[in-house]
Structures are given as structure tokens and as C-alpha cells.
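TrEMBL lists 149-321, 355-486 with the feature domain 'Phosphofructokinase'. Under the heading ATP binding site, TrEMBL lists Gly155, Arg218, Gly219, Gly243, Asp244, Gly245, Thr246. Annotation source TrEMBL lists Mg(2+) binding site at Asp244. Among the features that TrEMBL reports, site 'Important for substrate specificity' is placed at Gly245. If you look up TrEMBL, you'll see Thr272, Ile273, Asp274, Met317, Gly318, Arg319, Glu405, Tyr462, Met463, Ile464, Arg465 marked as substrate binding site. According to TrEMBL, the region 'Disordered' annotation covers 540-566.
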Amino acid sequence: MDSIFAPKSSSTSTLSSPAFISRFLEASSSRKFSSLTFVGSRPIRYSSYSTTFSMVSNDVSKPKIISGDFGYVLEDVPHFTDYIPGLATCSNPLQDNPAYSVVKQYFVHVDDSVPQKIVAHKDSPRGIHFRRAGPRQKVYFDSDEVHACIVTCGGLCPGLNTVIREIVYSLYHMYGVSRVLGIEGGYRGFYARNTTALTPKVVNDIHKRGGTILGTSRGGHDTSKIVDSIQDRGINQVYIIGGDGTQKGASVIFEEIRRRGLKVVVAGIPKTIDNDIPVIDKSFGFDTAVEEAQRAINAAHVEAESVENGIGLVKLMGRYSELYVSRWELPEYVHVDLSSKLHGWEILNVAPLWFIAMYATLASRDVDCCLIPESPFYLDGEGGLFEYIEKQLKENGHMVIVIAEGAGQELLSESKQSRNQQDASGNKLLQDVGLWISHRIKDYFSRQKTMAINLKYIDPTYMIRAVPSNASDNVYCTLLAQSAVHGAMAGYTGFTSGLVNGRQTYIPFYRIIEKQNNVVITDRMWARLLSSTNQPSFMSDKDVTEENISGGKKEEGPATQLLDNGNCADGVLGKKEVSSV
């Protein structure tokens, strides 16, 4: 069994550091591995057949991969010992914590990992795994030396304040940390805004409020200034809460910190109300968003059925998000097509964000038609949307339509200039398709003069973002925050805390910011929605091609390869297909 991404050249030296030796001997004690390669700015290779350690010179951006028997691959996260030799460790204070005294096994085993894919065939390789999150027996920080900071970036999302609260509570009550700083106003707050001291008393009831007590902003990322500020303030744990763009910024900050050789943890907590971040099961705030979206759908349904030929039209979040990255920052093995540039950044991909619209539709059961960007539709003619609306009104006397904000953009008569405008996070600025299509529906029936309609248009976008998180998301936020703190204290860095197949894990940044494929609209989840609404697909047979099914490339594999987030498909780095069972 070989380690992968091994460097071509190396120089050998004997390391006497107990920290290095202990870590590698622990990792290999189970005899799962015959060799380990930890790739970082100062990578180490350990062989079970020799006590010699090899110092390997390699690019710091290379991933940290461990291979094992039967196709086992661990995509590990960076650790202090990868680039800082001789670090001292101390016992985890949780050993004496009353809250954990009743737990039979509260420390995570060094070999614990979580598979990315759980659906397998009898001959399938074990596939890609991620390091399991949780407390470790040894920690790399003394409680008194920790100076942590928390920052929130990007748009609002239910649960932001809950995550802030739980990070503070975990640091204070689990590890005895008393210095936690809140960075105000997003990334630019590191060098251009005030800070606030966060204590359990300050954050005690913030989870009952929407938004973020620290404030937020888009853009403002200046890596050098941010890391300089971190050094100047003596911060050694940085918790960054945000979506894919924010996590990309966190990755760049981590690389600069590692380049400078600083003992500073950079830990991400994934936040996106659209649930579009790859690898993880879901992001916090999504359940709340779906629940809140149903209030708007319920209101639309009441309005529609209360009048003759009533139509309730609801616009929900669901756009195409363009992720901007610099080519030099991508790991060499992540193959992407870079199509255009904006202000020195390059567009990596276009990622679909229609999950709220689809899940709210499935949960409601009152929706007659759901329109998303990935499923093209047309208005006029046989089989068009207008014909379907007229049919529904004749049969049922009312109708509810849900449209994602990115749907039908190609139908809007807009200038090329407005089409290419972006916000500070690089997201495409979209016209109000809900308002536009409501006018088109009214105009159509006005011209037809066959029936008078009564249409009500509801846009709950900002109401959904600004509410406090519900019970489910509050629990999830707690798990994410505690896992991030456990990982930071254990010396892990450059990771995002996330749920994979129901287990808390540490995921390296490059997997969170990797290329995503377009949503597969011919899978079971979309079929379930069509069955629920009984709407036509608005697609002809010629539209359902191999390109629609596989995202542009035909893939070999078993017939069930698209099930359960692709859990039967081959584990190809840099690829995610959004599909479910």
C-alpha cells in the first residue's frame, strides 16, 4: 500500500521531537497503514519498517492524503505538527469536566474516520473518508494562552448568533478559555472596524435573535492585512462563519498563516441558507429557511383558494452562484475550467442554489408548480406554462406557483451589461423574475379574455434570512460549534466543521471550495417533486440527453450511481453531484 501525492525528492533527517513521533506512532498503531505521508510545508513520511523520518520539501497547497487497504483514502486536515516541530501537548481539561464524566468514551479514537459515501456495491472500494470530529486526549493549547476570535461574513442566515454563542460557551466552559474576541463587520473588521469582547454573559440569549450581533459584510478580504492583524492582536484561534466564498477566504488566510509558520488555528463553520456547500449533508439555517418559506406558501394558498381563479405566486431563494478563485490557489490535482475573470479573480464554476424552493415545495403539498433554474421552461404554446396554468384553473379553480429567483432569467429581456453585474461576493445580480412572470401571466389572460384571474405575488426572501433558527438548526449549530472548538484545541487547522452522513467531521478547505457540477434534474429527488406537484417537466425528450443526466460527461457505473448524493458513484476529487434518494 502506497501513500499518494508523494513528493519526487526528499532529504532525510532524524527527528527526536516527541510530538512528531507520538502522533505518527499513534496513527499507525492500529496497523491499518504500512506508510503515511503527511503533505504540508514540512511533510513527514513514516514507514512501519523503519524508524527513519524523511523531511520532504513540497508545495504547502498540496492536500494531506492517507491511503489504506481496500481502496481506503483519508482526506485529512492539516495539523500544527505538519509545519511546526517540537510542540508541547497537555492533557485535555475535559477529563475533569463534570459534564463529560458520565460519558463512557468521550475522546475520539485517532483512527476514527467517516466515509463520504455510504451506499456501496460488494466490490466497491472503501473510498474517501474524512477525519471524525470530537475531543482528543491531548491538546496543543493551554487554556490560559488561547486568544480566540470569531467573524461572520456574507449574507444573513438563521443560526448565526447560535453558532457564535456556542463557540464562546464551548471555549469558556469546556476548555477554560476566557479571551474571545468578536470581529465586527466581516473580513474588513480585522483591520477597519472595532472589536468586542465575547463572554458567556454577553452571548447568553443571542440565539433568540435573527442576524448576527457581530455584523457582516461582503468582500473586504485583504489577506496580508488580516493576518497582520491576527499577529498584532496575539490571536491564535480564528473561527470564520460563512458560505463558500467566505470559506475560500479562510483557506487563503490559513495558507498565509502556515507560510509564516504561525501557531494559529483557522477553523471554518459553513453557512449558506441555500444549502449549496459541497460534501456536507446540509448547512445550518436551511431547515429554518424551508420552514419559514412554507409560511409564505401557506399564505399564497389561502389567498388563491379564497377567490375565483386565484393564483398565488411565491418567489424563493434559488440562484446561480459564481465562485471566484485565483488559479494559483487551487491544488494541482483539482482540474477546472476557468472561463472568465473579474477584478483579478477567475470564475471557477456556476453552482445551483435551488434547494429551498424544492424542499419547501415538497414539504408544503399545496404547490402546483415549482420552477427552478436547472429545469428550463417556456411560457407560450402547447405544453407551456400558460397552458398549464389555464388547465389548473379550469380543473381546481386556484393554483400556487413557487419560482426560484434564478429561474427563467434567460427569458427576461435584459441588457448584456445588467446580466453581467455582480455583488461584492461575486454573485450574479438577478432581475426580479417573480415580478416579471406575474406581469406576463396577467398580460396573457388579459389578452385571452377567457377567464379573469386574481394573482397575488409574495416575496419573503429577506424575511426568511432574518429569522432566528428553529430547534433543529439550534441543535445543529451547537454540534458544529463544539466540533470546531475541539478540533482547534487538538491542533487541527485549515478545516471546516461539517456533517457527513450524519457524523461530525473535519473537512479540508479545498474540498469545501472545490468545483461543483450542475444539479442533476433527472434524479429521484426532482422526480419526487414532479410527482408531488403533478406538474409537467416542461422538457421534451430531446432535452433529456446524456449531458443533462451527467452534467456534460457520460460516466460509467452502476445504475444506482446517482442515489444518495452520489454515494454509489466513484469518488472523484473536485466533483459533486447533487442528488438524493
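Note: Cβ is positioned from N, Cα and C throughout, glycine not excepted.
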Grouping DSSP H, G, I as helix and E, B as strand, the residues of the domain 'Phosphofructokinase' (355-486) number 67 helix, 17 strand, 48 coil
Nearest by Cα to Thr246 (ATP binding site), of the binding-site residues Glu405, Met463, Arg465, is Arg465
Listed in sequence order, the binding-site residues within 10 angstroms (C-alpha to C-alpha) of Gly243 (ATP binding site) out of Thr272, Glu405, Met463, Arg465 are Thr272
Those binding-site residues from Thr272, Glu405, Met463 that fall inside 10 A of Gly155 (ATP binding site) by CA distance are Thr272
Should one count Cβ atoms within 10 Å of each candidate's Cβ, the binding-site residues Thr246, Thr272 would be headed by Thr246
Most isolated by CB count within 10 A, of the binding-site residues Gly155, Gly219, Gly243, is Gly219
Rounded Cα distance, in Å, between Met463 (substrate binding site) and Asp244 (ATP binding site) is 22
Restricted to the domain 'Phosphofructokinase' (355-486), the mean pLDDT of the model is 85
Of the binding-site residues Arg218, Gly219, Asp244, Gly245, the one whose Cα sits nearest to the Cα of Thr272 (substrate binding site) is Asp244
Rounded to a whole number of Å, the separation of the Cα atoms of Arg465 (substrate binding site) and Asp244 (ATP binding site) comes to 17
Whole-number Å distance separating the Cα atoms of Gly219 (ATP binding site) and Glu405 (substrate binding site) is 22
